[in-house]
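Chemist: According to TrEMBL:
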- 194-331: domain 'Peptidase S54 rhomboid' (DOMAIN)
- 1-75: region 'Disordered' (REGION)
- 145-171: transmembrane segment (TRANSMEM)
- 198-219: transmembrane segment (TRANSMEM)
- 231-251: transmembrane segment (TRANSMEM)
- 257-279: transmembrane segment (TRANSMEM)
- 291-308: transmembrane segment (TRANSMEM)
- 314-331: transmembrane segment (TRANSMEM)
- 343-363: transmembrane segment (TRANSMEM)
Amino acid sequence: MSNITTFNDIKRNESPKPMYSGAGRKIGDSSNNNKKNNQNLFQGRAHRLDGTVVEPPKEEKKKPMPNTEPLPPMDGYEYRQEKVVVNALANIPRELDVNFWTWNLENMEDIQCKDMCLLNYCPCCVGPCCSPVRKADWCGILKRFTFWLLLFQLAYYIMTLCYSTDIGWMLEPSTSIVIKYGAMSTQKIRYDYQFWRLFTYMFLHGSWIHILFNSLGQFMFCLGCEKSWGYVRYIAIYFLSGILGGLVSAMKSANQISVGASAGIFGIMGAYAALILLLWSQLQGMAKIQLTTFLIMLPIMFICVSFLPHVDWAGHLGGVLGGIGLTFLIFCDKAEEKNRKWFILAGVIIIIICLAVPLPIIFTRK
């Protein structure tokens, strides 16, 4: 039989019954073919009956929506590296943390080049000058021995200028005045036994440049050391290393005259280097790198500063050695127990050398 479509079927908009092939597929069913052909629709230009060209529709690319979800915590190399740096800086022993001035910065991400320079050379000038943090720092400086020592040195220097008659453009006090008021003189120590000069010479200075650089060293470095070590240990190391530096200076020449606080300052620097060695086993990662840099820079700075004209290199050397030896003895409890006796022995040997070598030379030199 054939499939006949009547008028009533067309009126009711009904489809004719389908015919099936032997394979079971509808004859005339092109759904599968349409799926394939639809993919190729409008791949090129088409023409209408009137001859106009029909352009294929252009697919609009969807813009990716921004991801507003919070990022997951870093769990890679960058996170591990940052974590190591932070822990290394946080685990520095208190005796090695010589930062007296706080950073006084609200947002560390906005730090500028000028702030980095100020942090290295003038940390008290970083950030707002009247912030609560900075006010606390300025109030804390009034409790430090180093601050009052600076004022006393300045007043003593001005006094020597007032009593001097021949003052040059460098504002140098007269030699007779500095000797009168306590300069270290080998002749006075040898023949008049004025050993007190090994103490008083540290308060005198020879020019405005001399007192300026010594004051900067005390202000930038010694203040933090006093805060970390305590004033008793700090004062002991400062003055004893200065006395040993004076002895070594007197050994250099029979007519040696020395003034200045640089032997004590170098003694504090030598003490800090000795503390790094004492506490080396407690340091980690980045802290070791930073403090090793100080150990390398100290001898370089000693050479660059001590061998300038009119600079007493022997006093600086005695101060550094004295600071190292005294620190090995005073801070011996900070070292590991297995190494403690060796640090004590090294400190005793250094102190004996600083005493036993200069004294015979001073009193037996012709």
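Here, residue 1 is simply the first one shown, and the rest follow in order.
Glycine too: its Cβ is placed from the backbone N, Cα and C atoms.
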Chemist: Can you see whether the transmembrane segment (198-219) and the transmembrane segment (257-279) are touching - at least 3 CB pairs under 8 angstroms, only pairs 6 or more apart in sequence?
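Modeler: As far as Cβ distances go (cut-off 8 Å, pairs 6 or more apart), the transmembrane segment (198-219) and the transmembrane segment (257-279) touch.
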Chemist: By a Cβ-Cβ criterion of under 8 Å, what residues six or more beyond either terminus of the transmembrane segment (257-279) are in contact with it?
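Modeler: Contacts with the transmembrane segment (257-279): 93, 95-96, 98, 153, 175, 178-179, 183-186, 201-206, 210, 214, 217-218, 221-222, 225, 234, 237-242, 244-246, 249-250, 291, 294-295, 298, 302, 312, 315-316, 318-324, 326-328, 331-332, 334-335, 343.
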Chemist: Can you break down the domain 'Peptidase S54 rhomboid' (194-331) into helix, strand and coil residue counts using DSSP?
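Modeler: Grouping H, G, I as helix and E, B as strand yields 111 helix, 2 strand, 25 coil.
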Chemist: Across the domain 'Peptidase S54 rhomboid' (194-331), what does the pLDDT come to on average, as a whole number?
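Modeler: Across the domain 'Peptidase S54 rhomboid' (194-331), the average pLDDT comes out at 94.
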Chemist: State, in range form, which of 145-171, 231-251, 291-308 has the highest count of Cβ pairs under 8 Å to the transmembrane segment (343-363).
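Modeler: Out of the listed stretches, 231-251 contacts the transmembrane segment (343-363) most.
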Chemist: Under 8 Å between C-beta atoms and at least six residues away from its ends: which parts of the chain pack against the transmembrane segment (291-308)?
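Modeler: Cβ under 8 Å, 6 or more out: 96, 266, 269-270, 272-273, 276, 283, 316-317, 320.
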